[in-house]
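A.B. asks: Quick one: the structure is below, and I'll ask about it shortly.
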């Protein structure tokens, strides 16, 4: 089973925002107190964070699908939904985030560095937040938006000061085991090392790391052998150390030809290097400091081969060291030479002026207000596609089972200028309008009543039950009405008394007439 993974495809999804709530306040003596629906909670983000405790991408190889939690729905009494929890994914130092097409999204270097791989969706507004002076009691709320989903590629580039490069079985693993406490797998067959091994070396007061890169062969820059799988691990090192095998038994190999092949492969690979590190542009591989190590001088023919090729290598400008990983011959001098190069590189970084932070490679749209309309043809009929961050987001927030919510969407689109722009591009009533890409929402466009929004029985954002509350009579109005009823009743009694005295009707008729008048007043709600 693999214990080291340096490249994975990760499928990440942010949490979906919670829906807003539609609710009307109810309490004693105030049965309809206005809208009180709370907002939905935002969905959780998926964040990649550099952790010193993580050295491999193995966990994501076994579980590549990661999803943050959703936001909670809004509730009545102005209670908002709970925000989804942020999902933190620890990654090793030196992880590069790319798209499947190879576009670099982020280069994560340094403890605590973060990158939002998938943002959570926005929670929907409740009807309390949607109310205004003109829209006093909305009978709808906005829906929560789904979180971002993306497939990203994580590639680990080892963080080491020195990289050991060379042909398979050149003795790189033996060298790192002899110079540090690392214990890589060592055997007498090619490609024993299948993963980069890191070791820490102490030379005097300087402490640095060296990386044992798996063996390279001719054509590695084009993917042969282990190819690009491990060439990327040399990109961040301050210097390269060529480990040449002086004891090889292969007739077509010698230290000089091995060096020429490795140099050619590194130069070809350097042409494709185009990422920017935290300290600026990376120095090309062929321009970095190099040391040449003639290994296996403890073998009978190894010492002779080293003495034979050393003058030629020194004439080319290389610093050459004859060593033996088995007997530890020459390792002390080699360690101090490495420390000298590492210290010089660190001093150069400290002396360099502070640099401006690198630009964001793919900035996220923030409150983008623009939109565009694209005319298309479908089944020989015109189709107008509306594209833009705001229109697409508004459509996702709309509950299309609620006519009032559809009308609210129509108002927002008209205010943004979508209707005016449709006229300009030649849209006619009845034409098909799509908001969004292939999965967009389809409308039969009518300029004065988009999607039937104007067919509502009441103005958008009103509730008859709540609206009637404002039309109820005041106390003074009730008092005036009561006085008018009493005066009308007194006038009716006086009229009856005048008729009785004039002898128009008898006492029995008067009694029945008075009883009828009394019952009529009781029916009208008079308490007297």
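For all residues, glycine too, the Cβ spot is worked out from N, Cα and C.
A quick note: this is a predicted structure, and the numbers were derived from the prediction, not measured.
Dumping what Swiss-Prot says about this protein:
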DOMAIN    2-159  domain 'Obg'
DOMAIN    160-343  domain 'OBG-type G'
BINDING   166-173, 191-195, 212-215, 295-298, 324-326  GTP binding site
BINDING   173, 193  Mg(2+) binding site
DOMAIN    363-447  domain 'OCT'
REGION    471-490  region 'Disordered'
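Provide an account of the burial state, proximal residues and distances for the features listed.
C.D. replies: The Cβ neighbour count for residue 169 (GTP binding site), using a 10 Å radius and every protein chain shown, is 21.
Counting Cβ atoms from all protein chains shown, residue 173 (Mg(2+) binding site) has 25 others lying within 10 Å of its own Cβ. Look at residue 173 (Mg(2+) binding site): DSSP puts it in a helix.
Per-residue pLDDT, averaged across the domain 'OCT' (363-447), gives 83.
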A.B. asks: Measure from the CA atom of residue 173 (Mg(2+) binding site) to the CA atom of residue 296 (GTP binding site) and give the result in Å, rounded to a whole number.
C.D. replies: 13
A.B. asks: What are the DSSP helix/strand/coil residue counts across the region 'Disordered' (471-490)?
C.D. replies: 17 helix, 0 strand, 3 coil
A.B. asks: I need the CA-to-CA distance for residue 173 (Mg(2+) binding site) versus residue 166 (GTP binding site), whole Å please.
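C.D. replies: The Cα atom of residue 173 (Mg(2+) binding site) is 11 Å away from the Cα atom of residue 166 (GTP binding site).
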A.B. asks: Look up residue 166 (GTP binding site) in the DSSP assignment and reduce it to helix, strand or coil.
C.D. replies: coil
A.B. asks: Just how many other Cβ atoms lie inside 10 Å of the Cβ on residue 296 (GTP binding site)?
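C.D. replies: Result for residue 296 (GTP binding site): 26 other Cβ atoms within 10 Å.
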A.B. asks: Within 10 angstroms of the C-beta of residue 324 (GTP binding site), what count of other C-beta atoms is obtained when all protein chains are considered?
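C.D. replies: If we count other Cβ atoms within 10 Å of residue 324 (GTP binding site), we arrive at 24.
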